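Taking it in order: structure first as structure tokens, then the write-up.
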Amino acid sequence: MSVPIFRTVKELRAAVADWRRDGLRVGVVPTMGALHEGHLSLVRAALANTDRVIVTLFVNPKQFNNAGDLAAYPRTEKEDAAKLAPLGAHMLYAPDGAEMYPNGFSTTVSVSGVSEGLCGAFRPGHFDGVATVVTKLLLQTGADLAFFGEKDFQQLHVVRRLTRDLDIPTQIIACPTVREADGLALSSRNVRLSADDRRNAPKLAEALFAAAGRLAEGTPVAEVLPNARDAILAAGYQEVEYLELRGEDDLAPLSGLDRPARLLVAAWIGGVRLIDNLPVAQPA
């Protein structure tokens with residue numbers, strides 16, 4: 001059985017209104033397509049916690065600050081729909097650019113604080129694009145719950161902040177990062193890795209897990225992070241954009257483990273930018 005594909009806000013809202021009349025809870029999983037097991041785990045979580053699940057598919061041009069990255073982003077709607085069908089998702093909402101940003105569109109949602117630093121420092125305008133499209137998707141779907149992966153941890157904080165600040169009643173549900181057997185965090189960008197780079201790519205997670213372990217043992221942050229950065233570069237990565245310890249709850253920079261923390265990294269390998277993060281246990 002195929003998943004119904006909706007293209008317009010009008011169609012979407014009519015379907016959701018029918019569900020509401022039946023007293024059904026609605027979940028949404030926002031994606032840019034090129035679905036992998038990480039996305040599908042979000043869909044399964046949504047199906048387990050709501051009555052009707054909308055998966056959105058929109059490659060959002062406003063969150064790309066590099067035209068080449070936007071052009072190279074995989075677009076696989078037919079394959080995505082085929083992956084969703086056996087799971088039982090109730091709708092694939094796949095608007096085009098004109099539907100999402102009609103002529104004259106002139107509003108940007110900008111979340112300060114948690115959007116600054118980390119990815120925000122290297123991708124100017126990215127989180128404005130994320131915040132704008134997510135705000136629209138939450139308002140369009142009227143979902144009770146929205147499901148996001150922890151792999152995009154800064155994005156998760158941005159989305160939580162905008163729902164609080166704008167009084168959007170959708171509850172944001174964080175789901176664990178899904179990894180390949182070799183540890184590499186799943187990403188739609190992984191398909192762009194060459195065979196050699198794919199072999200080396202898991203060393204990013206390896207360095208992250210090793211660093212998190214050393215921090216949990218009490219090794220000073222000022223010693224652990226430079227060593228981890230060196231290990232990533234030695235593994236075949238060309239650049240480490242950032243490798244930082246931040247507060248789990250507010251993304252504030254940390255110099256020690258005096259509260260729940262998260263280790264976050266972004267690095268380039270073979271022209272592909274990969275991100276990852278891990279929670280760090282406090283020393284016993």
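One is the number of the first residue shown, and numbering goes on along the chain from there.
A Cβ is built for glycine as well, from the same backbone N, Cα and C atoms used for every other residue.
As recorded in Swiss-Prot:
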type     : residues                        : note
ACT_SITE : HIS39                           : active site, proton donor
BINDING  : 32-39, 149-152, VAL178, 186-189 : ATP binding site
BINDING  : GLN63, GLN155                   : (R)-pantoate binding site
BINDING  : GLN63                           : beta-alanine binding site
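Features per Swiss-Prot, on structure.
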{"residue": "MET32", "record": "ATP binding site", "Cβ contacts under 8 Å, 6 or more apart": "LEU57, PHE58, VAL59, ASN60, TYR73, SER188"}
{"residue": "LEU35", "record": "ATP binding site", "Cβ contacts under 8 Å, 6 or more apart": "THR76, GLU79, ASP80, LYS83, LEU84, SER188"}
{"residue": "GLY38", "record": "ATP binding site", "Cβ contacts under 8 Å, 6 or more apart": "GLY149, LYS151, THR177, VAL178, ALA185, LEU186, SER187"}
{"residue": "HIS39", "record": "active site, proton donor", "Cβ contacts under 8 Å, 6 or more apart": "VAL29, THR31, VAL55, GLY149"}
{"residue": "GLN63", "record": "(R)-pantoate binding site", "Cβ contacts under 8 Å, 6 or more apart": "GLY125, HIS126, PHE127, ASP128, GLY129, VAL130, VAL133"}
{"residue": "GLU150", "record": "ATP binding site", "Cβ contacts under 8 Å, 6 or more apart": "LEU156, ALA174, CYS175, PRO176, THR177, ASN277"}
{"residue": "GLN155", "record": "(R)-pantoate binding site", "Cβ contacts under 8 Å, 6 or more apart": "CYS119, PHE127, VAL130, PHE148"}
State the count of C-beta atoms found within 10 angstroms of the C-beta of SER188 (ATP binding site), not counting that atom itself.
18
